[in-house]
Amino acid sequence: MKYAAALTAIAALAARAAAVGVSGTPVGFASSATGGGDATPVYPTTTDELVSYLGDDEARVIVLSKTFDFTDTEGTTTTTGCAPWGTASGCQLAINKDDWCTNYEPDAPTTTVTYNTAGELGITVNSNKSLIGEGTSGVIKGRGLRMVSGVSNIIIQNIAVTDINPEYVWGGDAITLDEADLVWIDHVTTARIGRQHYVLGTDADSRVSITNNYINGESDYSATCDGHHYWNVYLDGSSDKVTFSGNYLYKTSGRAPKVQDNTYLHIYNNYWENNSGHAFEIGSGGYVLAEGNYFSNVDTVLETDTFEGALFSSDSASSTCESYIGRSCVANVNGGDLTGTSTTVLSNLSGDTLPSADAASTSPASNAGQGNL
C-alpha cells in the first residue's frame with residue numbers, strides 16, 4: 001500500500017510539473033523571449049527561496065502557488081518625509097528619497113513617515129527566468145520585481161504584485177526595468193503600489209512586451225487624493241521599444257503612460273476606465289503609435305500642455321499606415337485629443353513587424369490580469 005501511495009504521489013508531481021509552463025507566446029517586440037525554457041519547474045516555499053531562485057544564474061521556471069509576503073521581512077524605517085498634496089486621509093505622503101522633498105517640494109510641510117523597508121527596492125530577477133503563477137494563487141506582496149544591469153530573456157506571467165507601501169510616494173515600484181532586453185510581462189495584476197506600477201528606467205530596455213495586464217489604480221491613498229493612483233506606467237529609456245497591448249487601466253489619474261527619452265511605444269487594444277486625470281503624457285523623445293484603444297470616463301486622454309513628443313493616432317481608421325507598416329491603422333474610441341499625424345513614428349517603426357490591432361473594445365476588463373489566461 002505504501003509503495004502504491006508513493007507511486008501515486010510521484011505520478012501526481014510529474015503531472016503537475018508537466019502541466020506547468022508559459023501559456024501562449026509573446027507578441028510584439030519581445031516575441032522571441034523564452035524565459036526559463038523547458039527547465040524543470042521549481043516551487044519556492046519561503047521568501048528567501050523565491051529571492052534565491054529569481055537571482056541565481058540558472059535558467060529556471062519558477063512557479064508561485066501561494067502568497068509570498070515581504071511586508072515585514074526587513075522591518076520598518078521611520079524618517080522625515082513631506083506632504084506635497086496635503087494631509088487629508090486620502091492623500092499620499094512622500095518619502096524624502098534622494099532629497100526629493102528637499103529639492104522638488106521645498107514648501108511642502110514636513111511629516112514623519114514610517115514604511116516597510118523591503119518595499120523600497122524590488123527583488124532582483126536574473127536572465128533566463130520564467131516566473132509563473134498557479135491559478136490565482138501566485139502573489140508577491142510588499143515588494144516588487146527588478147530587472148536591471150543587462151539581464152535578458154525573462155517571462156513573468158499570471159501573478160499579482162500588491163501592497164507596496166501604498167501610502168507613500170517612493171515607497172516602491174511593482175515592476176522595474178533598467179537596461180533589460182527581451183522581457184515579456186503578461187496577465188499580471190498590480191494593485192496598491194506606492195510609486196510606479198511599471199517603470200522603465202533611463203538605460204535602454206531594448207525589447208519589451210507588456211500585455212494583458214490589470215493595472216488596478218484603486219487605492220485608499222493617491223497623489224490626487226481621490227482614490228485614483230497617479231503613478232502608473234513610466235517609460236523613460238534611452239533606446240526602448242515597447243509593445244503595450246490588451247491591458248486594463250482602472251481608476252488612474254496620471255502617467256498612464258508617461259513616455260519620453262527615445263522610447264518607441266506601440267500601444268494598442270487597451271482599455272482605460274475611470275481615469276480622473278490624464279492618461280497619456282508624451283515628452284521629448286517619446287514616439288507613440290496608438291491604435292484600437294478604448295477610453296471610458298477618462299477626464300483627459302492626452303496631456304496637451306506638456307506634449308513634446310511624436311504621435312500617430314486617430315479616431316478614424318488611417319490608410320497612411322499602409323505605406324509604412326503594411327496595413328491600415330485601427331481607430332481609437334473616445335480618444336479625445338489623442339490625435340497625431342507624425343509619420344516620423346511610422347517611419348521609425350517600418351522595419352519592425354508590428355502585431356495587427358483589432359477593433360477597440362472593453363474586453364480587457366474581463367480578460368486582463370491574473371487568472372485570465
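Here the Cβ of each residue, glycine as well, is placed from N, Cα and C on the backbone.
Since this is a predicted model, take the numbers as computed values, not measurements.
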Residues flagged as region 'Disordered' in Swiss-Prot, choosing from 74-93, 114-133, 134-153, 354-373: 354-373
According to Swiss-Prot, which residue among Cys225, Cys321 is joined to Cys329 by a disulfide bond? Cys321
Would you identify the secondary structure of Cys225 (disulfide bond) according to DSSP, in three states? coil
Could you put numbers on the helix, strand and coil content of the compositional bias 'Low complexity' (354-366), residue by residue per DSSP? 3 helix, 0 strand, 10 coil
Other CB atoms within 10 A, centred on Cys225 (disulfide bond): 17
